[in-house]
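As structure tokens, the structure follows; a few thoughts come after it.
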Amino acid sequence: MVIIRAKQLVTALNMPWRYRDEVAVINDAAVVIRDGVIIDVGTWEEIKRRHPHANIWDFGDNLITPGLVDPHTHLLFAGSREDELERKLQGESYEEITRKGGGIYKTVKYTKETSDQELLNILQKRIQLATSFGTTTVEVKTGYGLDIDQELRLARILKSVKSPIDVVTTFLVHIPPPAGRENYVKEVLKAIPHAGTTYVDVFCDSIAFNVEETRTILKKAAEAGYKLRLHADELEYIGCSDLVEELPIDSADHLLNTPPENVRKIAKSGTVATLLPVTILTLRTSKKPPIDEMRRLRVPIAIGTDFSPNSWCLNMQTAIELAVYLLGLTPLEALIAATANAAYSLRLTDRGIIQPGKIADLVIWDVPNYHWLAYEIGRNKAKLVLKKGEPLRFL
């Protein structure tokens with residue numbers, strides 16, 4: 001049994017957390033861990049009195065929070081697209097680059113040419129780097145195989161990964177091939193029962209799948225026992241976020257072009273709005289999710305990195321910082337979006353908050369209070385990362 005003492009402890013008290021819900025901010029705090037599980041939380045004075053014989057790890061100058069959960073990544077691919085940054089700076093849009101054979105199509109080519117073992121090595125290295133920034137659970141999608149055999153291959157690689165943290169697997173129906181769109185959807189429907197992932201996700205947008213195709217795919221996935229996620233309203237609004245009324249979608253992601261009236265549909269459905277501020281930066285767009293309406297209607301907000309060849313960021317700390325400076329979340333909202341609500345978007349209710357009975361996925365930060373997680377930009381502030389009570393990184 002171990003007691004971790006900290007200058008400040010911050011956690012949501014419920015999952016999902018909604019705007020103006022209560023939050024625990026405990027100064028001179030302590031957490032008790034036994035066998036990888038949190039068994040007690042309180043002030044240092046309370047905890048040392050209740051557990052006088054436990055070992056003590058004293059981080060009395062530091063902040064402790066739940067481990068970060070990254071609920072939206074595209075970690076499994078080969079190659080890079082750094083040349084496309086110059087094209088974007090010259091005025092080409094993401095959609096234009098994709099339609100000319102770049103973007104996703106370019107990454108598909110690199111990924112197909114890379115062996116299973118090399119892809120697995122790439123994936124494992126990326127997960128390890130994400131962990132060093134405080135991520136203790138990560139969602140990873142397929143999506144860069146394009147043809148069905150390649151997508152099932154990527155799903156097999158995903159399921160074989162050996163990782164120091166938990167990996168939630170998603171079969172992403174990413175983008176249709178340049179020709180044979182109708183037949184491709186039929187092939188997807190046949191393949192879904194064989195994916196073996198936890199989630200199925202569809203990129204529903206102007207350059208990807210339309211609403212009817214997305215509805216058909218997600219309905220089939222739900223019937224096959226998969227949980228559902230959705231890329232919605234990223235590049236344009238074509239009606240994708242309306243699907244939360246019809247299907248049990250755990251998380252609707254991006255939402256840059258979601259009309260305010262659709263926020264009510266999201267709120268009523270219980271779907272989490274997963275926002276991806278790094279992508280807003282890399283798309284060089286002025287569009288932003290309707291945050292004020294989400295707050296008003298108390299939609300649970302999560303954030304993720306959206307790591308991909310288009311937004312090369314494994315660092316959830318950066319997502320927190322940009323959620324504050326680009327989207328206007330408070331540091332406290334951003335932290336909870338990266339912990340309790342990110343976990344809830346994956347329906348992982350055994351982590352993401354610091355409470356007795358929850359898994360001891362925790363981060364000790366080299367800062368004195370939670371404000372510094374956004375106030376200081378650009379440094380890795382994670383001092384100690386704990387997965388089920390075991391240290392993963394210590395500086």
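Each residue, glycine too, has its Cβ placed from N, Cα and C.
Taking Cβ-Cβ distances under 8 Å and a sequence separation of 6 or more, the neighbours of His231 (Zn(2+) binding site) in its chain are Asp201, Val202, Phe203, Cys204, Asp205, Ala208, Cys240, Asp253, His254. The feature Zn(2+) binding site is assigned by Swiss-Prot to His72, His74, His231, Asp306, with sequence analysis given as support.
In three-state terms derived from DSSP, Asp306 (Zn(2+) binding site) belongs to neither a helical nor a strand segment and is classed as coil. The Cβ of Asp306 (Zn(2+) binding site) lies under 8 Å from the Cβ of His72, Thr73, His74, Asp253, Leu276, Val278, Thr279, Cys313, each of which sits 6+ residues away along the same chain. Feature annotation from Swiss-Prot assigns Fe(3+) binding site to His72, His74, His231, Asp306.
The 4-imidazolone-5-propanoate binding site feature in Swiss-Prot is assigned to Arg81, Tyr144, His174, Glu234; the stated evidence is sequence analysis. Glu234 (4-imidazolone-5-propanoate binding site) carries neither a helix nor a strand DSSP state and counts as coil.
Positions annotated as N-formimidoyl-L-glutamate binding site by Swiss-Prot, on the basis of sequence analysis: Tyr144. Counting only same-chain residues at least 6 apart in sequence, those with a Cβ under 8 Å from the Cβ of Tyr144 (4-imidazolone-5-propanoate binding site) are His74, Leu76, Phe77, Ile104, Thr107, Val108, Thr111, Leu154, His174.
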Practice problem: Would you mind pulling the longest C-alpha to C-alpha span across Arg81, Tyr144, His174, Glu234, which the record has binding 4-imidazolone-5-propanoate, in angstrom? | Solution: 20
Quiz prompt | Same-chain residues at least 6 apart in sequence whose Cβ lies under 8 Å from Glu234 (4-imidazolone-5-propanoate binding site) | solution = Phe203, Asp205, Asp253, His254, Leu255, Leu256, Asn257, Thr279
Quiz item: Ranked by the number of other Cβ atoms within 10 Å of their own Cβ, which of the binding-site residues His72, Arg81, His174 ranks first?
Solution: His72
